[in-house]
Amino acid sequence: MRVEHVELRVIEMELVEPFETSFGREEKRPAIIVSAVSDGVAGWGECVAGSGPWYSYETIQTAWHVLSDYLIPSVLEEDLQTPEELPQRWSRVRGHPMAKAGLESALWDLIATLRRVSLSQLLGGTKDHIESGISIGIQRDVPALLKVIERRLDQGYRRVKLKIKPGWDVEIIKAARERFGEIPLMADANSAYSLKDLPIFQQLDEYGLMMIEQPFSYEDLVDHAELQRQIRTPVCLDESVKSPEDARRALQLGSCRIINIKPGRVGGPSNAKRIHDECLAKRVPVWCGGMLETGIGRAHNVALASLPGFTLPNDLSASDRYYQQDLIEPAFVLHRDGTLRVPTGAGIGVEIVEERLARVTVDQKVYTRGAH
Ligand code: OSB
Ligand code: MG
């Protein structure tokens with residue numbers, strides 16, 4: 001495939017409600033939307049780097065730089081057979097998985113569209129709907145949290161994930177259990193604790209959580225393994241798994257029993273699929289995480305989550321949980337059985353509403369073959 005041009009757009013989307021985690025509170029979600037054109041057909045991707053280096057070191061500006069100066073020139077200069085070549089081709093660029101994933105995902109959509117197959121089919125998906133969970137941020141107080149949980153359960157979400165941080169942990173899990181009984185419940189700490197906090201995890205261990213996500217440092221595998229030896233609740237890694245190699249090391253060390261796969265965090269759909277394949281072979285359950293994506297990134301994640309190893313509910317909620325008006329049509333809606341449909345049209349299978357995209361665009365640049 002010969003890519004003729006690539007376009008980057010920085011957008012800013014207003015969240016329907018602020019989202020607070022142990023690393024901060026966000027009211028707006030910036031993103032870079034990537035489009036790549038070949039034979040007059042466009043493929044679309046989304047780069048999930050943040051406004052600041054909080055979840056990972058990548059930001060909108062670092063991703064823009066790496067895309068503009070290294071990744072885009074490489075796909076404009078050299079034709080490509082399949083996007084699966086890209087992790088190897090880009091291995092000279094150390095790190096920057098979110099920048100890589102933004103462009104690689106646009107190329108997956110482009111190839112699927114050119115071949116007139118759905119992205120789910122191209123990736124090897126086997127499901128026509130995926131289980132939807134909800135990630136609930138830190139709230140003002142416990143009564144406010146219980147109200148949010150109740151509303152989300154009424155809407156049909158199949159699993160509730162509560163963000164925790166020191167001072168907002170055992171008490172809220174206890175309150176949720178007392179109020180809602182044996183609902184599928186889990187906690188996500190976004191690296192807010194260390195092994196010194198073992199007693200907190202021993203208390204949490206009494207509440208039958210499906211898993212505890214990323215309790216310790218974003219760089220750690222060893223202390224997580226120690227924690228997993230000390231508690232029954234499965235540890236799930238998010239931030240600590242940035243590549244297929246990290247996933248292999250984490251499983252070898254026993255650092256977790258479940259992996260949250262986010263294509264942005266692991267360098268793109270090819271690496272995400274590799275981690276899935278290895279986990280499936282080793283019978284390690286996986287699920288697809290989210291980064292408050294617009295419908296473009298969400299459509300990519302839904303296609304990925306249609307692979308057979310995604311056996312746990314995903315952080316893929318309906319469009320209206322994030323944004324008043326999504327950038328795509330049709331929007332993702334939660335069905336009464338708590339699932340999202342996997343689009344069947346070519347590529348990501350949703351239409352980009354360019355007029356809405358234009359309204360949220362704050363910066364834009366086109367890169368053309370031979371022009372740099
Ligand atoms: O840790 O999973 C996380 C959102 C932004 C950054 C990190 C995380 C999250 C979420 C939201 O939990 C998941 C979603 O997109 O629904
Ligand atoms: Mg997480």
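Positions of Cβ are set from backbone N, Cα and C atoms, glycine also.
Site annotation (TrEMBL, ligand Mg(2+)) includes D188, E213; from D154, D238, D246, the additional listed residue is D238. Secondary structure at D238 (Mg(2+) binding site), taken from DSSP and collapsed to helix, strand or coil, is coil. In this structure, the binding-site residues D188, E213, D238 were compared by how many other Cβ atoms lie within 10 Å of their Cβ, and the smallest count belongs to D238. Among the recorded positions E213, D238, K262, the ones whose Cα is located within 10 Å of the Cα of K163 (active site, proton donor) are E213. Cα spacing between K262 (active site, proton acceptor) and D238 (Mg(2+) binding site): 8 Å, rounded to the nearest whole number. For ligand 2, the recorded positions lying close by, meaning a CB under 6 A from one of its atoms, are D238; the full candidate list was K163, D238, K262.
For K163 (active site, proton donor), other Cβ atoms within 10 Å of its Cβ number 24. Cβ neighbours within 10 Å of K262 (active site, proton acceptor), excluding its own Cβ and spanning all shown chains: 26.
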